Structure formats: structure tokens, C-alpha cells
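Chemist: The structure is given below, and queries will be raised subsequently.
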Amino acid sequence: MSSSSPQGNPPPPHPDFSNSSIERLPLSNDGKRNLSPLERQTKFGRRTSTTGDISAAVHEVSSSGVMYPEPSTLSIPSSPVVSSPPPNYVQVIPTIEQALFTLRAHRLAEYQEDVYIAPLAKHNPQAADANVFPLMDKVGEFLAGNSRVMLILGDSGAGKSTFNKHLEHRLWTEYKRGRPIPLFINLPALQNPLKDLMGEQLREHHLSEEQIQELKQHRQFIVICDGYDESQLTINIHNSNNLNIPGQWNVKLVISCRSQYLGQDYHDRFEPSGGGHYNRPAVHLFQEAVIAPFSTEQIKGYVEQYVPLEPRTWRTEDYMDKLTTIPNLMDLVKNPFLLSIALEALPGVIEGKQVLSTINITRAQLYDTFVEHWCNVNKRRLQSNTLLMADRIVFNELLDMGFVSKSIDYSTRLALAIFEQQDGNPIVQYVHDKNSWKAQFFGQDAEVRLLRDSSPLSRTGNLHRFLHRSMLEYFFSRAIFDPSSHGGDDESTFQTNPLSPDDQLVNTDGPLFTRDLLTEPSVIQFLSDRVKQSAKFKQYFLEVVELSKSNAQASQAAANAITILVLAGVQFHGADLRGIRIPGADLTCGRFDSARLQDADLTGVNLSKAWIRQADLSRACMGGSRFGELPYLEESEKVSSCAFSPDGKFLAAGLWDGNISIYDTVTWIWIQMFQGHQQAVTSLAYSPNSQQLLSGSYDETARLWNSESGSTDFILEGHSGMMETVAFSPTGQQFATINDDGSAVLWDARTGASVLVLTDSAALFTRIAYSPDGNTIATGGDKIIRIFDTQTGLLVLEISDGDDRIMCLTYSLDGQRIATGSYGGRLQLWKATATTLEPGREWAAHSDNVTTIAFSPDDRWIASSSSDRTVKLWDSRSGLLVSSFINHVGNVNCVRFSPSGQYIASASGDNTLQLWEVNSSSLGLDYYDLPDEQICAAYSPDGRQLITGSRHAPLRQFSADSGYIDFVFPDHLYHVNCIAFSSDGLQIAISRAEELEVIIWSVESRAASFVLSGHQSAVESVAFSPCGRWLASGSSKKIVRVWDTRSGAAGRVLNGHKEDVQSVAFSPDGGWIASVGGRMVQLWEAGTGELKASREIDIRFDLCNRSYVAYKPGCLQVASCQGDGIIRLWEDDQKLQGFRYILKQNRFINRFAFSSCGQWIATTHLTSVRLWRLPSPDQDQEALPLQDQDCASVIEGFTGDVWDVVWRPNKLEFATAGEEGSIRAWRVVEDKDGSGRVSIRLLWSSGPAVLTASGAVLNDTIGLSTTNHKLLQQRGATGSSDS
């Protein structure tokens, strides 16, 4: 093992599946098989010291005459300590040191590392791989510094416990007299960790009370607390144990915890108290790190260490081939514990399967296979062992009943009992109490012993636990729904109504019905895997939801079930959910298009980012339901800035026309308008006492307003350019302004007089922020942060922010950090002192420049806004993305927290102020993608697949029926701007933005067949001929090229366009090629490449980049659109002389598409899609052109441009690709009453979620608050509620 190896991880779990004759050896706490010293010497050429080697381990005598082991080097040891020959002398060891030495020898003897990869960590989950660092180095810095507590976060199975034990081993290896004493504490094993953390653990190590008191008063400890989450703690154990205060324990505290356990606001549980009158948390004494997932290289390194451990038929190359070939498996095994399980399970998973690329593996399936293997190996072990006669009789009975199923049942019942009796505390202490519930699992009954010894449990003394917390959660999930008791997915055994009220499957005493599973996210994840894996699981939970309509006792179960279904991606479009009872369910990001929810009990349901378009919520109980946002505030102008008054009473909005709107924050009603500026108000800041409002404008002035009257106290005209930023000093005595010439001026707030001008010959100031004490001011605008003294104007310090321009910056409220946002969309944290500024964590936050950044009042969160139209909420310490808000359809210019921290306000160029609820953001249950602009889409000719291209991610292949992702293309195939299928479906033409070539992709081999090179500029459009042999491509160099797709040879070059060729199309008979570029439409003879017709359309120049051309199905009429809202259908004489208007409307068109039957046309626009019915040839053609009033149906709810629309072949279904990141599939439904009316139903969707309620019905809803009713009405809902 190398200390530079990248990841800490759990060891591969026992047993040895390749040799059934090997006896099962004892397990350590984390489930490793404890190899004997002889095995270790034989297998690995190394040995671990044992308690019998104590005398041999000592070979150094300190100056005090006490013997200590030789200290190791600073690098992490690659193997346990090797014993040395004993010295020729022995001296008396003082009692306390002898006790410590005995403890040291014991802990070194217990430590084992069959497979260890040193962990890397990241500041936050979004950080790039290049920003990871060795976790051991980070811990070393913590131990050498002044901080007192370090929190190590990681997912379940990330390797936290393994790292902690390795850290303890290293510290004991390097231990010398007088150094801090390492102490590993398994928190769930303690009875009283809140008050007697240190004493209880030391007593477990057999130290006397006198020794404990001696250590407490005179020694320092490095305490490694493992399993904070497993112990179910919610208290700050550093503070509750009075650590690091005079007369108490002197410790450095390392705590590990699963990330999922903590939720949003967790730092109070770990930050040491700072003392003082208010006893506030001492943030500067706290550090944290997040263990990073495996990379491909790290996975390979693990496999290389794993393979030699036991005799195996597979080599490293075999495992890596399977891991990389099976879809999505590499992403799954980035978790170290899941990797260890996968390596054990893989041979069984792929047995008999030839096409690995079609295998879909979930975490639940890996655990299923692993557990079955475990039980089978132990069955074979018992069969080959010599058992007592009584045990043999019981074992044979177990074989008759099904040993594996009985073993799994034992573990399932144990997991259920742990949750019921211990509320999920994973460690069971059993002391032979026959009357305890524990006796049925740990007693001496022969059947109990045989099953216990064959289950994935570990034991230390009288303490029992599953090999890993996730094992406990896995078996608990089986107690909720056991796959073995419901058969497979064979349709012949499927029950049409498995959960009728009298059915025995309904156990209302079971955990699904009695426990709120939202507190157990890992259990919900296992169950959601079951839903994805099995149609019967899905049906089971659907029937539980159905049962709640008639059985009130099923309401908790139904809330759990629908939460699991939503997490699994089940979409309830058009579902009959009338009367369901699901109080408290988490439907975050749920999809309920056109669902019938009349009379449903939705009390307390979380509907944040839910899609409830056209859902009927009539008479639904909605008291306490949450939507994660408030109604937006609409202005008649772009909103360029905003600010809350410090007393929380007002919200000011700076408008593009120079006015300032004032809102009451209790009612959110507009109450006043400040008028005076002549151009856009770019920046706002209230005085600390809320009595004055400072504004800056593009009219080159700043104004100081009286907050109550709206009168102007001062007009500041000292600048010579447009005002960029204003800021009020926290002292209230000074404020600052910056204009676009880069100068910064400080003003006296009482007199309005200029006090100081901040200058730097190389500086370009555009942003400014005061420190909380008002003594310094930070500036940004170029690539340097500069700190000035506000009294003298002198430059205190400056530091470069790299190669990216600083667009915004702010101080944290405690003054210890500065946050900056860059032109490239990155966020950066800096540690600030009076004389230094040290760079901290940095991460990619937005796809465009960051416009503003703000700390929450308690410094827990950071809100950022961007020109990418999003607002994002971050954990300020971990950098974890808490939530993304994508409702804006214009650039977001400003974001601010309310003084209470309850709300975020965002100001946008879409004329709105959006208001978001900070505490309603859902963590852990949002499975949808982050925003990534979707550019293009194409159906396969058979209509079974949909291929989509996005800006930053590779191409994806969706099942057209279900919306599940079948295949993800290689990583280099991203930013694809056009794709096309050949008519036989065997080839796909792919062109990436800014690339000069076209890739011909083989569908069968899933690899590139040809790369067509020859264009001199970016390829904008591609189209196959009907026969599939020829491909036409248009480029921004004003040319069209024709290619032979069989050979890849270049064909004719078609010259004639004056502008970029943005769209090409073959006629249905293959004889013609139509192309459009800007204003010009051209027709070419496909066989000769001769230009036959050309027509220039008189349109505005700014619309030319939206040009598109397509042939109407079944004829030689070509349709064209130059983006101006008009679609022209040209005569079929191929002369482009005569045309008729198909459509005339007053909105820009991005793209249009004909249905296969030619009767429908769909058009895409900013935030909407429109459907039009075309008259058939035998109908009155005078109905053309269609106009706005002729639109058959409108889809609203998009938050950006819809870039593409494609019809599914031979069906009335189409798909859309949106700038917001969505891919959605729709079905056209005609009313059965003969009226000719149509509606559009959502079939499935992929991409970021956003609250959508257009067409939702709210008639007589019960308990829906006035605020939420207004919010839903703004989203397009109709009807009145009974509040």
C-alpha cells in the first residue's frame, strides 16, 4: 500500500466464496476476516504484533528509563509494526506508562489491514477531482494547529471507520512518552457518551479511576470518535463533556459521521463553544472534510489488492472488464463498501449472461447477491464441519426448510428488532438474559447459534453488530418488503390486486405502517431500488397508496410508499389518486401531470419543485403543505437590485427605469415608490438602523433616501461614470460607492461629504464590501482582492484570485471569511484575519458569471445568483449544494437573505422578485439532474429510443416509453448541437458545437464508424437521405456538404449561401436537399448538387439565427421559418416561387416539427410549446394561415427557451429539449366527445425540477394558505380554496 493511494475504504467482506472448506474465522468490528499471524506471514510476508509479543516490541529506552517502540517516519506505514529483537535489559515502567504501553500493544495487535487505500477528501461534493487532498494530511494539519474538533463526513460505506482505525494505528505506532495519547471510541458501544465519553472508554481498557484522573489532569488526548450517526446522537459531545476547559480533559477531537444523517443545519452539533457571555460557537476551532468517492484508478488499485487475498479464478483484468462494461456499475462502486460487495457478488451476478452491456445493477441487487453468497458459503462450511449430534440434527432440519432463506430471515428479524427495540442503534449488548428480546438472536439454542454464526455479523466480547450500518438498513428494508416472499417478475404469477383490504400481505403492525421512514433515507433508497428493479415492488407500493383511500390506518404506509415511489422516479401522470391519504409525504420533484387528487389528504406534504400541471386538487386537504417558495413580486421593469432592511420590515427593489419599489415583508404588498434616478438602479443598501436607503444608478449618481418618507437626503455626484455598487458601513457612519471607471469613494453618512478616495494604479474596482466591524473594506473587479483601511484609505493587503475576474464578494457576518464569485461561475472562500487572506475551498457553482453572493445571517449558508438564470443555496462550510432554484427566465442580477434567514429574495431581468423558503429545501431525495442545457433530440426510426444532446454532458439514450436512460455515450460526445438517425436506425450522425467534423456512430457496435472531416467551420445541421446512404451537413462557413455514409467519403460541396447554414433536410423521395441560412432558403438537386432555387426572405437580422427548414411528410412541399413567428409552406414545384403561410403569430419560433401523419405541427418558443392542427388536403385550405386563436393547445411551465421538438414516428407523441435542462415526452389526447378539442399529457420527464402548476384545479381545497394559493395561481392554477 502506498501512502499516496487515494481512498480510505472498508475491507472486502468475508467469507471466502472460492473455498468452501475454509473455516470461518472471527470478524473484527468492521467485518474483516481475522487472519492468523501464520496466515499473514504465509500470504503477505508480514506479521502483526500480538499481546504475546509485548516484550519483543520494545527496543528504545527514553531518557527517563522508560521503554518505547521506535517511532515511525512521517509517512503512513504500509504495514503493521514489525517486531524487533528485545534489548538485553529491562527497566521498571511507571504504572501509568505501563498501562498506556499495554494499551498500545493491545491496539496494535488488534489492527489489521487486508486492503487499504489511503483516502482523499474534498472540501465539498461538487469539487473537481483536481481539488481533492490526502485526508491524512488534512488531519495532520488539524492536529498541529489550534482547532479542537474535526468532522469527517462521508456517505455510508465511504471508508470513515477504516480511516479512523488506520489513524489510531498510525498514532500509536508513532507514540512516545509525553505525546498526545490516541483513543479510538466506537460511540454506539458507550452507555453515556454525552457526559462520560473519556472515562467510560478508558474503563473499557481496564484503567483504574486513579489512572483516569491522572490522565485527565496531566495528559493530552487525540480522541477519534467513530459512528456519531450510528449512536443516534444529536448533541454536541465536545461541549456536553466539558472538553478543553480548565480542569477537564485536554483533547483534539476527530468525529466521523454519515453525511445523510445530519441534514441541513448540523454545525452546532460539532463546533466547540467559544465561551464568553453568549457562549457562541467558536467557528475557528472547527474543521471538516468530506471523503471523496473512488476514481477509476482507485477502484483498480483496490481490486489489485483484493485479488491476491484468496484463491480466485478471476484476475484483476477480469474484474475491471466487468466493472467497466456493465452500465452504471462504475458509478455505483465509487463507494468503497459497495465495491467490496460488488467484487464478491459479481461472479454470481453475471453467471450465464452473455451481453454485459444490458445488465442493470442496483445497490439492492448487489446486497441481495452478496447476502445469498454469504449464506451459501456458510451452509457449505457447516456441511463439511464436524458438528455435535444435536447441532447436526438441527442443521439438517434447517436444510430441509431452506438454510439460506432461514439465515436471511434471521438477519431480517434481527434488523427489525434493532429498529423496534433500540430505535436503530446498531450495537446489541447481550449478557445471557433469557427474558430479553435479544435471547432469540444471541441465546444458546442450537438453531439460534447456527443461524447467528452464519449471518453477516461481527462480535466484540458481548457486543454484536452487522458488518456495516448499511447491512442493518438493508435487512430492515427487507423487513418492510421482502423480495423472496413475493416471487419474481414473471407476469404469469402476477397478482392483479395483491393488497385488497383482507389480504394477509397487509400487516398494519409492520414498520411500513408504523414508522416514518423519511427519517431513514438509506432505507428509502434501498426500497426505491426495489421499485426500479421489480414491477411487483412498484405495484405493491402503488396498492398501499390505493389502500389508503379506504383504510385510514394505511395513511403512514401510503406516505412512506409514495415517497419511495417518487424517489424511484415513478411518475404519476394522469393517475387516479382521488381520496388518497399521504400526510407528511415528501413529494419533492414528484411528477403528477394531469393527476386526479380530488379529496386527497395532503396535510403537511412537501411539494417543493413538484410538477402538478393540470392536476385536479379539488377538496384536497392541504393544511401545512409546503412548496419551497412564496409568490413572486412582479414589476413592470427589469429588477436590477434588491435589499432587505435590517429590521426585516421592508424589501427594496431597484428597477431598470430608475425607480425603487418598497414592499412590506409581512404581506408582501407594494407600499411605496422612490423616484429620482433617471436610469437603472444597480445597487441598494440600507443603513444599519434601517432609517436610510442608499442607491446607485447608471445615471452616474448615488442617492441617500429617507426610508419612511421616500425623500432624498443627499444626491452624490462625485463620480464620472455609471454607478456599479454601493455599500453601507456596519457602523452607520460611512458608506461607499464604486462606478464603472474603477474608482471607489468613501462618504460621511451624516453630511454626505466625500471622505476618502481609494486608489490603486493597477486596480479596476467594480465590487465592494465592508467588514462586519467597518474597519476595512474589500474590493474586487479585476483578478485581485484588495483590503483597505476605511479610516486612512491605505491598502492593507491584496491577493490574486487566479485567472478569473472577481464579479462579486462579501464578508461573512463573523468577519472571518470572504466569499467571492467569478466571471467563470466559480465560488471561492477565503480565511480573513487583520493582516492575511488565505484561500479556502473553491468550486464550480454556475455555468455563467456569478452576479452576487450573500451569507445567511448565521453564516450557515451562501446564496449565489448568476447570469445562467439560477439561484443556488450552498452549505458555507462543506460547499454542499442544498438547492437550485431555476424559476427565473432572465438573468438573476441580485440575491439577498432576509434578516431572519428564513427567505431568499432574487432580482431578475424577467421583471420579477422571486422569494424562496430556505428551510423547506429537501435534502437527499432530489434525484433529478442539475441544470444542463438540452440542445437537441432525435427519435429512432422505430420510435423505441430517444437520443438527446446537452451542453456539458454526453449524449443520452432514453427509452421512449418509460423515460429510463438505456445508454450514456462516451464522455467526449458532449455539447452536441445536432443529431440524426439513418432510416434503418443503424447509424447516428453527431456533430458537436464548434467542431468541424461529423461523427457517424454505429448503433450496433456503440462506437464511431467514421469521422467526416472537411468543413472549415462548425457544423450546424445534419440530415440523412431516406435511403440512409447519404448525409447532408450544413456549416457556419455558408456551405452544405454531402457524404457517403457507407465509406465515409466526401461528396459534393454545395456553395451558394450568404450566411451560416443552420438547417438542412432531404425530401421524402431523396431527390432534393433543402437548406436555410439566415434570410435565404435554397433547394438543391441531390443527385447533381445543382442549385435549383433560391429565395431570400425579408426579416430582421437578429432573427436569422433561428432559421429552420423541413419537408412536410408525404409530399415535396418544404416548410421554412426564419424565427419570426411565420412558417411558410412552399409549392411542390421546387422553384420557391409560390408559398402560402401555414402559421402567422406574434412570438418568435425556435423550432417547428411535423407529426408523421402531417396533420399536426408543434412549435417551440421562450418558456412554451404550441400545438397546431393543419387542415387535411380535402379540407378548406382557406383556414390557413393559422393564427394565435387557432392554437389547439399550449404547454407552459418551461423556465427558458425550448430549443428542439421532435415527433415520435407514427404516434401522436413528441419530445422537447429545453434550455432549463429538461427532456420531456408528451402525448396528444383528443377528447372523445367529438368536439375536436385536444389536450397534451406529459408521459415522462428528465432534468431539473421546478414547481409547475399551470392548469391545476384548486376548487374548494381545504387548509391551503392564502400565500400558497396565490403562489399556485401565479403558476397558472385555477379555482378558489376554502382556507
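Along the chain as shown, the residues are counted starting at 1.
Any Cβ shown, glycine's included, is placed from N, Cα and C.
TrEMBL feature annotations, pasted as is:
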- 148-307: domain 'NACHT' (DOMAIN)
- 1-51: region 'Disordered' (REGION)
- 632-664: repeat 'WD' (REPEAT)
- 674-715: repeat 'WD' (REPEAT)
- 716-757: repeat 'WD' (REPEAT)
- 843-884: repeat 'WD' (REPEAT)
- 885-926: repeat 'WD' (REPEAT)
- 1012-1053: repeat 'WD' (REPEAT)
- 1054-1094: repeat 'WD' (REPEAT)
- 1195-1228: repeat 'WD' (REPEAT)
Chemist: Taking the repeat 'WD' (674-715) alone, what is its mean pLDDT?
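Modeler: Residues in the repeat 'WD' (674-715) carry a mean pLDDT of 95 in this prediction.
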Chemist: Could you give the residue numbers and ranges of same-chain residues that sit at least 6 residues beyond the repeat 'WD' (1012-1053) on either side and whose C-beta is under 8 angstroms from one of its C-beta atoms?
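Modeler: Sequence-distant neighbours of the repeat 'WD' (1012-1053): 977-984, 986-987, 989-991, 993-1000, 1059-1066, 1068-1070, 1073, 1075, 1077, 1084, 1086, 1088-1089.
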Chemist: So which of 632-664, 674-715, 716-757, 885-926, 1054-1094 is most in touch with the repeat 'WD' (1195-1228), counting Cβ pairs under 8 Å?
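Modeler: Between the candidates 632-664, 674-715, 716-757, 885-926, 1054-1094, the best contact partner of the repeat 'WD' (1195-1228) is 885-926.
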Chemist: For the repeat 'WD' (674-715) and the repeat 'WD' (632-664), check the count of CB pairs under 8 Å (sequence separation 6 or more) and say whether it reaches 3 or more.
Modeler: yes
Chemist: Over the span of the repeat 'WD' (632-664), count residues by DSSP class, listing helix, strand and coil in order.
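Modeler: Taking each residue of the repeat 'WD' (632-664) in turn, the totals are 0 helix, 20 strand, 13 coil.
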Chemist: What stretch of 716-757, 843-884, 885-926 shows the most Cβ pairs under 8 Å to the repeat 'WD' (632-664)?
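Modeler: Answer is 885-926, with the largest number of Cβ pairs below 8 Å.
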Chemist: So, by DSSP, how many helix, strand and coil residues make up the repeat 'WD' (885-926)?
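Modeler: The breakdown for the repeat 'WD' (885-926) reads 3 helix, 19 strand, 20 coil.
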